[in-house]
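J.: Submitted below is the structure of interest, expressed as structure tokens.
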Amino acid sequence: MKEEAFLRRRFSLCPPASTPQKTDPRKVPRNLLLGCENELGPITPGRDMESNGPSQPRDEEPQTPGSATKVPLAEYRLCNGSDKECTSPTTRVSKKDALKAQKENYRQEKKRATKQLFSALTDPSVVIMADSLKIRGTLKSWTKLWCVLKPGVLLIYKTPKVGQWVGTVLLHCCELIERPSKKDGFCFKLFHPLDQSVWAVKGPKGESVGSITQPLPSSYLIFRAASESDGRCWLDALELALRCSSLLRLSTCKQGRDGEQGSSPDASPSSLYGLPTSATIPDQDLFPLNGSALENDAFSDKSERENAEDSDAETQDHSRKTNESGSDLLDSPGGPWRGTTYVEQVQEELGELDETSQVETVSEENKSLMWVLLRQLRPGMDLSRVVLPTFVLEPRSFLGKLSDYYYHGDLLSRAAAEDDPYCRMKLVLRWYLSGFYKKPKGIKKPYNPILGETFRCRWLHPQTNSHTFYIAEQVSHHPPVSAFYVSNRKDGFCMSGSITAKSKFYGNSLSALLDGKAKLTFLNRKEEYTLTMPYAHCRGILYGTMTMELGGKVNIECEKNNLQAELDFKLKPFFGSSANINQISGKIMSGEEVLARLTGHWDRDVFIKEESSGGTELFWTPSEEVRRQRLKRHTVLLEEQSELESERLWQHVTRAIREGDQHKATQEKSVLEEAQRQRAREHQQSLTPWKPQLFLLDPLTQEWRYRYEDLSPWDPLKDIAQYEQDGILHTLQRETMSGQTTFLGSPDSRHKRPSSDRRLRKASDQPSGHSQVTESSGSTPESCPDLSDEDFVPGGESPCPRCRREVHRLKMLQEAVLSIQEAQQELHRHLSTMLSSTVRAGQAPAPSLLQNPRSWFLLCIFLTCQLFINYILK
């Protein structure tokens, strides 16, 4: 075979006089890396690349410069060191040619290995997984670091930006084992079986010293993942990197040279569906190695630099072709699916649970500014067009403030899975109350969004391993209207709505009204809940202590279940005490019947009293434990934000406010307002009306709707992942990936492994529901048999007709089961209504004869007649 002939050319020290000893192809990568225990090893194609080229008979050897010269058999004795009499000129020439050919082969092989390593480290498609992990140091303390797993190496960075390299772990000498732990999360250990160092000497950029962190062990590392599912995914990925790294192609396009076989797209499992990451790495920043250093290392021997120009030209030409083919694949319409890069919000500011954060004392300097502003106002005036001073501004946009209601979105996930309508309403009510206890320090007002301003973020649900995406846009400036859309299709809920901000001035107080409705939809049940918002009331502007409260009545209504919740946010009375601040009362009703009553404080404890039992219990409290359970919010990486995204748009104003420079904040704010006026003038001059990018106005309902709204229920057999790109929510489905991607079976099918040139999975890629039975925890864990993922790919090459029939039959069976389930739920709902009506009718006492006014009237007439007759008879 070609590979065997190539090995004979490379490892023999003389022309092939006899059949050389057979070389095991599996040992070729090891032979290439002799003496490189502490250096980064090249990624070898593996043994299954031997069959890519056409096979060749063993007795036929390819012509080489050494084998082209025919040498008599007697002269081959020169190859034996003891036969010194074989020194003919022909023999010397043959030996020189053979040595030259061997050096050429050695140099080419070393260049090939070096180039292959360089391609593997710089090609982002070979990244298996990237996520944050906690690593235990030598001092038994834990630190959170960013880990990037590539075939054969594990790179550790300080932050997701891949700027501060900590170290590189060489996986070819490591063993992997799961480690029990009493703490939360999932532990595993990478260690050297002979207690030797597992670290590489240099970093990917040639660094010799890593970033300063706590000292890490030299012969092992103990990792901790956030959850068991994350840890299992890391185990799968590490086992693949440890045992099957030779099977990982660098890239389909780089491997499929002209005339070679085996370069089909489904032949390279080059990437994995990793866990949802808190941030992803820009492709150009993954491994910016110095190519010249690698080339110099390939020609480290002085004798190897002979004829290097021709080889370099050939290498550059091949590299150019490789890069062109790679870019063509990425730019093609059917290329990899890329999502937005999200980074975890490091700090979150929470106000105090009492009323101290709602009270503020205005300084004398700011009071003078307030008086200048108040002279221009009249009672009842709308403040939407009034420019407020920067010291009353909260350093974030109103679009970002509207996202405060989704830090406890896991309550909506539980509500979507709840079967009882009354319990669903209570969970929705708990979620609604969870959005109010986060208060800014002092009385602050968020920025008025610029027309066309957008804001994107998302939350990771560790329990369900899903994401909640939040997208908002300012769709109107006069009046100011903010539209938003929230989606978590995997957990089965979506929310949309628009808020019109209005403000009224009343002399010593003002009110900020949030006019509008939000619509919560449970996708699997086709239920819609309509919600309204309270208003913010600020008093003590002219005299007294400046205080901010919430007031007004709020309704949460589900028309399908005939359930309704009313909440009354009460303002503090004029002579009230501190116990009267932030009071709330409410009730849950089914039609006209009151099921439960609520009392308490919206920023503290709320109690519920069930009318059926009469007992009172704690309904909601923002305790320390609840505050620790807040979901982590991830925002878009600043480099990927557009010019009109909130964080990037207001970054200079925010920085100035946090630094206390009110003058600079006012200047930066004026620049943004003037730019907005300039854009408005340009639209007027061009006679082209401005149109929102992500939302549109429904002409029938006059409601703002998300352009890319998807209210279809999540299908675990069809849907793989939900991700966001440029404000557009996409759902990755198996039909869209067929013909381009195949799947590898894994113990946890939430983490799929597409085998095309798939890049590192972005933070916005949401993991899918399960399509396999193994370790499945999806909504229908036992609804599909133990089939491989390829059986579910329509148009795939591997499934047999029987498997396709099985898949089709399972889909039909699932649809039938779902329809039966819906019918049962509808029947159960009707029966419950009839039963409750019957019970109420049975409990109601039968009306007595004397309770009828007509009976009393007839009785009076009868008594009157009786008295009259008795009088006459006497």
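Each residue, glycine too, has its Cβ placed from N, Cα and C.
Per Swiss-Prot, the features are:
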type: MOD_RES; residues: Ser12; note: phosphoserine
type: COILED; residues: 93-123; note: coiled coil
type: DOMAIN; residues: 126-243; note: domain 'PH'
type: COMPBIAS; residues: 261-277; note: compositional bias 'Polar residues'
type: COMPBIAS; residues: 299-308; note: compositional bias 'Basic and acidic residues'
type: BINDING; residues: Leu383, Ser384, Arg385, Val386, Val387, Leu388, Asn448, Ser503; note: 1,2-diacyl-sn-glycero-3-phospho-L-serine binding site
type: COMPBIAS; residues: 660-684; note: compositional bias 'Basic and acidic residues'
type: MOD_RES; residues: Ser746; note: phosphoserine
type: MOD_RES; residues: Ser749; note: phosphoserine
type: COMPBIAS; residues: 754-764; note: compositional bias 'Basic and acidic residues'
type: COMPBIAS; residues: 765-782; note: compositional bias 'Polar residues'
type: TRANSMEM; residues: 855-873; note: transmembrane segment
J.: Provide the three-state DSSP residue tally for the domain 'PH' (126-243): helix first, then strand, then coil.
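T.: Final tally across the stretch: 20 helix, 46 strand, 52 coil.
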J.: If I take every residue in the coiled coil (93-123) and average their pLDDT values, what number comes out?
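T.: Here the predicted model's pLDDT, averaged over the coiled coil (93-123), is 77.
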J.: Helix, strand, coil: count each for the residues of the compositional bias 'Basic and acidic residues' (660-684), based on DSSP.
T.: 23 helix, 0 strand, 2 coil
J.: Could you check what DSSP calls Ser503 (1,2-diacyl-sn-glycero-3-phospho-L-serine binding site) once collapsed to helix, strand or coil?
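T.: DSSP call for Ser503 (1,2-diacyl-sn-glycero-3-phospho-L-serine binding site): strand.
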J.: Which three-state DSSP class does Asn448 (1,2-diacyl-sn-glycero-3-phospho-L-serine binding site) fall into?
T.: coil
J.: Counting every protein chain present, what is the number of Cβ atoms, excluding its own, within 10 Å of the Cβ of Asn448 (1,2-diacyl-sn-glycero-3-phospho-L-serine binding site)?
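T.: Total other Cβ atoms inside 10 Å, all chains included: 20.
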J.: Can you tell me how many other Cβ atoms are located within 10 Å of the Cβ belonging to Ser503 (1,2-diacyl-sn-glycero-3-phospho-L-serine binding site)?
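T.: Its Cβ shell of radius 10 Å holds 19 other Cβ atoms.
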